[in-house]
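As written in TrEMBL, here are the features:
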type	residues	note
DOMAIN	9-38	domain 'DUF2510'
REGION	29-67	region 'Disordered'
COMPBIAS	37-53	compositional bias 'Basic and acidic residues'
TRANSMEM	73-96	transmembrane segment
TRANSMEM	108-134	transmembrane segment
TRANSMEM	149-168	transmembrane segment
TRANSMEM	180-201	transmembrane segment
Amino acid sequence: MDEQSTISPGWYADGSGAVRWWDGTAWTEHTAPAAPGDREPAGRERATQDVDRSGAPPRRPALPPGASVDNGWTWTTAIVPFAIAPAVFFFDFSGYIRATLSGDPSGLLAYAGYLLGITVLSWGVMAMTVVAAYRDYRRLVGIGVVRPFHWAFAFLGAIVYLIGRHVVLRKVGDTPGWPLWTHIALYAAYLIGMTAWIVWITQRVLNEVLWSYGIAPGVS
């Protein structure tokens, strides 16, 4: 067997003063500034050095200092899920209740169309989130992250993917995780806004129902 084929994937000095990513079979185009003590991919290093004796998967090699792990796709994954939120807040529930109580078919049809539009947009936002997570995952593989957190977890929600991604990246480098913290902050703001909106809309709906029966709200 060729000697180089036994070298595990990792960052190695390529003789030019920088480190280059070795994918286990060949050099890639990804390079980074060399740090003191970077290794040469020679026969001195065996692939078994990175394999746990208990049979666990090989350790993830550390990324070189200064390696950038966040990009536009990461931020898309973090922010796009909230794109549909304003449409929910602008839905006229009072008008919907009035149309329902009066049996106005044209009004009901208009509101049904609005809700259908929100549903379609929600599916589109979810699809975009998953695509962004996939592209982010592929980029992490490209810069040398071994076994990144899988993009398919984005189907469970962007926050699941972003948390798992952050946990893995903390094992191979020092990342502040701004996309994750931004997503959490937006999610907290969304929950607070949604709670206040539900309280307000519940009061409005109750008033509409009382008026429909000729009862003035607040009058016993």
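Glycine too: its Cβ is placed from the backbone N, Cα and C atoms.
Unlike curated entries, TrEMBL annotations are predicted automatically.
Beyond the transmembrane segment (149-168), the same-chain residues lying 6 or more positions past its ends with a Cβ under 8 Å from any Cβ of the stretch are 60, 74, 77-78, 80-81, 129-130, 132-134, 136-138, 140, 175, 177, 179-180, 183-184, 187. Listed as Cβ neighbours of the transmembrane segment (108-134) (distance under 8 Å, sequence separation of 6 or more from its ends, same chain) are residues 73-74, 76-77, 80-81, 83-84, 87-88, 91-92, 95-96, 99-100, 151-155, 158, 161.
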